[in-house]
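Presented below is the structure to which this report refers.
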Amino acid sequence: MKAVFPGSFDPITSGHMDVLTRASRIFDTVTVTVMHNARKQGRHLFTLDERLDILRTATEHLDNVGVDSFGGLLVDYMAQEQKGIILRGLRAVSDYEYELQIAHLNRQLGEVETVFIMAATRWSFVSSSMVREIASYGGDIRDMVPRASADALRLKYADVYEERERTSEAVLPDSDSSD
Ligand code: PNS
């Protein structure tokens, strides 16, 4: 059975990776597809090409996982590619209402089924938007995202991270100085 894991992935988080890894053990193939979310139009940190690059690096160890993008309706993509079922991750009850709505709409529009996989509880509070916000202030996001996303965020906010490192070096006691 084939599955498509659609999303904005701006950038992919450890929660997404957890769902994807679990799904890769269940489905024959999983395609991670970057799509447009009308609610997030023009508010992306990473370009489509950057998000695809991050995804390819983050998933290269998963043999049955591929990466793709599509600019139209998810149901059209599912029909065009004969991709089987839609896979979505659930972190907490707060995700449920929105996910229920789009799952029902996709079934009504294209008779496509959606399967949900719950992310491990340690990722309940991790979202791409929170990770972007933390990174924009030079905070440590390495635990919340795969290495490829962390490297890309660090590059995007290189000035902020460098400044933060400079100032924290200035306030940290010099470990070599003895009293
Ligand atoms: O990661 P996101 O932003 O929650 O993913 C939402 C996404 C991209 C899967 C959803 O917005 C989507 O399916 N967009 C494609 C357009 C579409 O089919 N819209 C109708 C269903 S809401």
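In case you wondered, yes, glycine gets a Cβ from its N, Cα and C as well.
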Which of these, Glu81, Glu99, does TrEMBL say binds ATP at the same site as Ser8, Phe9, His16, Gly89, Leu90, Arg91, Trp123, Ser124, Phe125, Val126, Ser127, Ser128, Ser129?
Glu99
Structural state of Ser128 (ATP binding site), classified by DSSP into three states:
helix
Alpha-carbon distance [Arg88 (substrate binding site); Ser8 (ATP binding site)] in Å:
12
Same chain, not part of Ser8, Lys40, Leu74, Arg88: whose C-beta falls within 8 angstroms of the C-beta centre of the substrate site? Give them in sequence order.
Pro6, Gly7, Met35, His36, Asn37
List, in residue order, those binding-site residues out of Ser8, Leu74, Ser128 with a Cβ under 6 Å from any atom belonging to ligand 1.
Ser8, Leu74
Which one of these binding-site residues, His16, Lys40, Arg88, has the sparsest Cβ neighbourhood, judged by other Cβ atoms within 10 angstroms?
Lys40
